[in-house]
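These notes concern the structure reproduced below.
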Amino acid sequence: MTLIATESLTKTYGGRVTALTDLTVAVEPGIIGLVGANGAGKSTLIKILLGLLPPTSGRVSVLDLDPTTDPAAVRARVGYMPEHEALPPDLSAAELVTHLGRMSGLPRTVARERASETLRHVGLYEERYRPVGGYSTGMKQRVKLAQALVHDPDLLLLDEPTNGLDPAGRDAMLALVHRIGTEFGISVLVCSHLLGEVERICDTLIAIDGGRLLRADRIDAMTSATDLLAVEVSEGTDQLAGRLAALDLPVTRDGRMLLVPLVDERTYDLILGVVAELDLPLHRLDQRRHRVAELFAPREPSNA
Amino acid sequence: MPEPTGVIHDIGYQRYTGPRLGRRHVFGALYGHGLRTVFGLGRSAKAKIFPWLVVGIVTVVAAGVTAVRSQLGQVVMTYAQFADAMSWLVIFFVAVAAPELVSRDLRSGVLPLYFSRPLPRDDYALAKLLSLVSAIWLLLGGPQLVMFLGAAFTTPDGLRGTWNELLDLLPGLLYAGLWAVVFAAIGLLVASLTGKRAFAAGGIVAVFLMTTPVVGVLSILPSRAVNELAYLASPSTLVGGVGTWALGDLLVPADQGGGIPIGSFGPVYAIVAVLLVSACTALLLLRYRKVAAR
């Protein structure tokens with residue numbers, strides 16, 4: 001099954017502002033990261049997927065349904081967490097999530113049960129009976145996530161779920177999203193302008209810029225070919241580099257570290273053998289994944 | 001060995017496979033929620049003060065009218081007149097209830113959470129409208145029922161008297177329904193234009209009050225036709241005009257002057273009332289088309 005597929009999807013506002021241009025992408029279920037700068041068209045894409053905005057041209061399907069012709073069927077199976085503040089301050093989280101569960105068609109008692117269950121899953125316990133107005137930003141984000149989950153969707157659309165959170169809160173939110181995608185068995189589309197964040201939890205990455213597709217692929221396909229081993233010794237770095245080069249390993253220096261392409265398991269043994277032979281104090285030896293960011297890094301400015 | 005008890009097992013996330021209700025149930029849930037919101041049920045104590053104060057006042061007035069009637073045997077006001085007499089309270093009630101229903105949602109940004117669900121955006125607006133209509137109707141109809149019960153139990157004519165009383169009550173309830181529909185449609189449209197509750201409340205009161213002087217001016221112009229059509233200009237007098245035409249002396253007994261002098265323009269009043277309600281509803285739906293796309 002294809003989770004989300006678009007074909008030459010284009011959206012222009014009022015014939016002047018272009019939000020999406022000729023976007024063609026198809027992704028499988030899993031955790032999908034949608035990355036792009038502010039204004040790249042992420043929110044527009046989400047609104048089209050929800051059937052809230054009609055595309056100017058092109059085709060789109062979500063869970064093999066067409067949001068332009070049957071938005072209600074799509075929305076019944078999708079949960080949406082908006083980017084902006086979206087909670088009435090004087091309701092408690094339990095009441096709000098219960099009400100929104102009923103708006104998704106859950107019977108009254110089921111809505112109440114699932115509301116407290118989903119709030120527990122996102123980490124809200126006794127606080128859920130207090131008015132949302134007194135919550136911290138982290139708790140509000142959790143409530144927004146819970147309301148997207150309450151009707152047990154097959155796909156979650158999360159628009160900047162880590163917005164406004166401190167580093168610890170970001171980690172907690174990302175861990176939660178990862179758990180939803182793996183343990184709960186619900187596909188997730190996470191929108192973010194921070195690549196470093198989503199690449200930690202995603203299987204698939206879609207990068208858009210200025211409404212155009214930069215790249216869409218599985219994350220392992222993006223990173224596998226570029227793994228490096230980083231070796232750092234307290235002394236004798238030059239000596240080590242010389243010996244490794246003599247073993248036909250293409251060594252490059254990166255500050256105090258040596259970077260060696262990881263061909264297979266034997267690369268470890270070779271390096272360790274040389275270090276032991278030279279009796280050097282080994283500081284670190286670890287696998288350094290090429291960060292996906294480097295794949296999208298802007299070209300060096302010519303006048304630099 | 002006895003099984004350990006009281007252990008809480010985290011059974012993890014459970015997928016939901018039970019029934020999912022259709023559009024009609026969701027509409028009903030939203031309608032019920034709106035009706036509760038208007039009367040502050042399930043909300044903070046502060047939100048309950050005003051609606052229940054108004055309910056208290058109209059009930060006390062109805063009880064007083066009933067008491068006077070049973071003691072003196074004289075009809076102080078007809079059922080329909082009761083609605084007219086309470087028009088000021090209804091205006092303030094709408095000015096508080098309508099922003100509570102729609103402005104709050106606009107301000108808190110909760111609408112994307114509604115519109116990302118299967119519920120169509122027209123349903124959202126219509127459910128809110130229907131709950132405001134019902135709330136106003138209950139506000140005016142409840143006291144009429146009190147008056148009816150009082151009159152029915154004290155009538156000297158037995159069952160016959162009760163039956164006559166019921167025949168008087170039903171047009172009164174219909175008239176209250178007209179009030180409810182006209183006021184809710186206008187009030188909700190005004191409230192849906194702004195997320196600030198104070199502005200919305202002020203706007204609603206302004207629409208109802210600023211139009212009253214217009215009626216006053218038009219009704220003293222030296223033209224009979226203009227005088228008789230003057231009452232179209234304000235929602236309150238428009239409702240009164242329709243009532244005068246449709247209910248005649250059930251609204252205002254002939255010995256009290258016979259209602260608003262609309263001459264033979266009664267049908268015009270009815271048509272204008274229908275057009276006004278339709279236009280307000282259509283604009284409300286249009287408004288939510290725009291809001292939903294944001």
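Keep in mind that glycine also has a Cβ here, set from the backbone N, Cα and C atoms.
Per TrEMBL, the feature transmembrane segment maps to B:49-67, B:79-98, B:129-153, B:173-191, B:198-221, B:268-286.
Most Cβ pairs under 8 Å with the transmembrane segment (B:268-286) belong to B:173-191, among the candidate stretches B:79-98, B:129-153, B:173-191, B:198-221. Taking pairs at least six residues apart, the transmembrane segment (B:198-221) and the transmembrane segment (B:129-153) share fewer than three Cβ pairs below 8 Å and do not count as touching.
Within the chain carrying the transmembrane segment (B:129-153), a Cβ under 8 angstroms from the stretch's Cβ atoms is held by residues 31-35, 37-39, 54-55, 58-59, 61-63, 65-67, 69-70, 79, 82-83, 86, 90, 93-94, 97-98, 101, 161-162, 165-166, 169, 172-173, 176-177, 179-181, 183-185, 187-188, 281, 284, all 6 or more beyond its ends. Panel annotation: around the transmembrane segment (B:173-191), residues 79-80, 83, 87, 90-91, 94-95, 97-99, 101-103, 125, 128-129, 132-137, 140-141, 144, 200, 203-204, 207-208, 235, 238-239, 242-243, 246-247, 251, 273, 276-277, 280-281, 283-284, 287 of the same chain, lying at least six beyond its termini, place a Cβ under 8 Å from a Cβ of the stretch.
Same-chain residues lying 6+ beyond the ends of the transmembrane segment (B:79-98) with a Cβ under 8 Å from its Cβ atoms: 38, 50-51, 54, 57-58, 61-62, 65, 132, 135-136, 139-140, 143-144, 147-148, 168-169, 171-173, 175-176, 179, 183-184, 187-188, 190-191, 200-202, 204-205, 208-209, 236, 240, 243, 247, 250-252.
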